[in-house]
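These come from TrEMBL:
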- A:38-63: transmembrane segment (TRANSMEM)
- A:105-123: transmembrane segment (TRANSMEM)
- A:130-146: transmembrane segment (TRANSMEM)
- A:152-170: transmembrane segment (TRANSMEM)
- A:177-202: transmembrane segment (TRANSMEM)
- A:220-414: domain 'ABC transmembrane type-1' (DOMAIN)
- A:222-243: transmembrane segment (TRANSMEM)
- A:255-279: transmembrane segment (TRANSMEM)
- A:291-311: transmembrane segment (TRANSMEM)
- A:348-373: transmembrane segment (TRANSMEM)
- A:393-411: transmembrane segment (TRANSMEM)
Amino acid sequence: MSEMDMSYVRTEMLPEQEPPRSQTGAAKWLRENLFSGWINTILTILSLAFIALVLHEFLPWIFDSTWNANSLSECREIAPGACWAVIKERWPQLLYGFYPEELRWRVNLSFVLMLVAIAPVLFTGVPRKLLWFTAAFPVLGYWLLWGGSLWGPLMALAGFGVGAGVYAAIRPVNNLAALIAGPLAVVIWWLAAAGPVAGLLAGGVPLMLEPVPSSKFGGFSLSIIIGVTGIAFSLPLGILLALGRQSNLFIVKAICVGFIEFIRGVPLITLLFVASVLLNYFLPPGTSFDIILRVVIMVTLFASAYMAEVVRGGLAALPRGQYEAADALGLDYWKAQRLIIMPQALKISIPNIVSTFIGLFKDTTLVSIIGLLDPLGLSTAIRADTNWNGIVWELYGFIALMFFIFCYSMSRYSQYLERKLQTGHR
Amino acid sequence: MTAITDPPKETFRLSMLLYDTRYRSLTIQVIALICFMLVIAWLVDNAATNLAALGKPLSFGFLGEIAGYDINQRLIEYNSQMTHGRAALVGILNTLLVALLGCITATIIGVFAGVLRLSNNWIVARIMSVYVEGFRNVPVLLWIVAIFAVVSETLPAPRAFRGDDATAHMLINDSVALTNRGFYIPKPIFESGSMIVVLTFILSIVGIVFFRKWAKARQEATGEIMPVGWISLAIFFLPTLFMFYIMGRPIVLEYPELAGFNFKGGIHMRNSLIALWLALSLYTGAFIAETVRSGIQAVSKGQTEAAGALGLRGPRIMRLVVLPQAMRVIIPPMISQYLNLTKNSSLAIAVGYMDATGTLGGITLNQTGREMECVLLLMLFYLITSLAISAVMNWYNAAVKLKER
């Protein structure tokens, strides 16, 4: 029977058809992303119009510009667009402030050394031995920037070594005595011994650099000095405050909560007023110390209160079981914090820690209000100069761009760190 | 045979204060308290000694003295013959004004930018990313100073509006003038009878609230859904407009007009206020945009899908399912952004806007030399404001907290 031979099922595959033109490539992408409905189409057209307008205004301004002129009016004669000459003339000031020109290599060198010192903290690929350099950098950086004798700051640093030595020496005899004698030795060293010893050593080997007073500091180097010091000290202080706030010791907790809430409740500018006009009132009559140091102290205290809240958020997010497991392993409070709690809590709070850092770095501009010459303070001075009177976009654009580069790279780094420390199974 | 004996009586030894965990925490706290008190006492004693040596012991009497300086942007009556206390009050009201204006515009900008950043329109999402990253990564003080400079340097002077060959023109039907001395906008004048219109407006808002309650109860009882949105809109506008015309249009606008080389009439918003308001709104708006975006992303996709499976449609899914959950995530950080905005408004001093920092912490401080008192009062004011805003936040958090059993 012939019907038996007939097959109703196709035995070979048909060749695949091309997808419709509108479902592939650029056409599909355009349809889905730009013209997927009438609202979206309107939005797309509006945005394109906006971009066109911005480019139409800015491109001629940027390209029809001049770098060579001595004043704004001269600029306007040469080209109708941007007057970059102001940046060309003033960029050393915007970077270094009034730091003596022949000594600027010291600022550059300390900036490079700072990068070296930060590297082992930021990236795990860098040799760990460099951390010793990181610990020594504050002294070296201070010496390079402010000048004077190296022995002073070095002996101040040595105080910690003296304290550790005394503690280690007495500890076998009596734990309590060591706990008291260690810090006491540091204080005594700083108050009584550090100065004479430094003087004695300087008499032998005078490691002198020409001193530069704080009033000469300015520009982005000042912002970086305040920002980096504040960042370096606010994290440990913030962690301690967060632990204090979480602690079950009532008085410690009350002090920490009071401090954090007070600092978070007032604007930074009032604290800077304290630094500039009030701090000397709170010290014994006759003492007066450097304005940059005062500002750094206040900025650090300010940032540490915010940092404490960020770290507390991380601590709170940690499951209760982690604390109990640490207790079950028989770890004491500090060991548990160091080995189990903090690594996890800090990892959770990385994004917020970095945004606090970014906030701190941006807040360094506030020092212009109390008269320090950071880039913003300098911009006011430049605009008051008769040559550059009336310049706006170029100057502020340049400063904004510099801040943007710093802050944006910090936030990119935090994203990198988050990815690197990601241990979840997603 | 065993006899139950008392456990050996533990005698208290001094070393137990350190080694016995029962007493150790007490020891630490007492030491901490003593150190804390000592430090505070040392600081206070130093301050008292120093202030006494300078011949200005702590006293707030200066608040009653004649201030002798003018404040150009003010909400209440003030002249240079009034006291420092009054000047401080003017400053405080100015702070609250710019904070309120800033919060409103920042919220509007932030919500728009946050929602649009999630849009599936590629260009719009990119533009919003540029806005958010650009503003978040540049100091707010720079924005304030830069906007102030731009407004003062690039806008036309009032005299450019003058004559037949004027180089500048007023906007929006000759009602708004943007000049380098500030913005002039129309000012509403309330004539007799306007109270009734305002009252009607307030009553219609109360009416909307009651109508919505009633509509909800009715829907739950009968299942019928009313066009609540349209009816609310009608109640919002119609009675007030009706009253407005019945009473013979009692509220009129006074337009700014060129008189001589300057504008007269209308409301004059100075450059400093404009710069501060605009910069704070745009800056805080960028942060609020991020808050809104993360809040919406925090609602899992399953919620939307489940709502769809229940047969709800797009806008209703947003209103009934996604938004209530997103709000719980969005509102707390948004309120702390308001707090930041209020604190950042103290940067007004950089552009000469007379807020609390400009009066109390600026001119009054310099004129009277009472640094300690002025800064203390300033801190107290900001502290109270911050605590009030935090109290609102805590109240909200408690109200929307998931009720767990």
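Note: Cβ is positioned from N, Cα and C throughout, glycine not excepted.
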Intrachain neighbours beyond the transmembrane segment (A:291-311), with Cβ under 8 angstroms and 6 or more residues off its ends: 214, 217, 222, 225-226, 229-231, 233-235, 237-239, 241-242, 245, 256, 259-260, 262-264, 268, 271-272, 274-276, 279, 345-346, 349, 352-353, 356-357, 359-360, 363-364, 367, 370, 372
Residues from the same chain, set at least six apart from the ends of the transmembrane segment (A:393-411), whose C-beta lies under 8 A from its own: 61, 82-84, 86-87, 94, 220, 354-355, 357-358, 361-362, 365, 375-376, 379, 382-383
For the transmembrane segment (A:222-243), distant same-chain residues with Cβ under 8 A (at least six beyond the ends): 97, 111, 114, 138, 145, 256, 259-260, 292, 295-296, 299-301, 303-312, 315, 337, 342, 346, 353, 356-357, 360-361, 364-365, 367, 372-375
Contact ranking winner - A:38-63, A:105-123, A:152-170, A:177-202 against the transmembrane segment (A:130-146), Cβ under 8 Å: A:105-123
Beyond the flanks of the transmembrane segment (A:105-123) by at least 6 residues, Cβ under 8 Å: 96, 99, 130-131, 133-134, 137, 140-141, 144-145, 147, 209, 221, 224, 228, 413
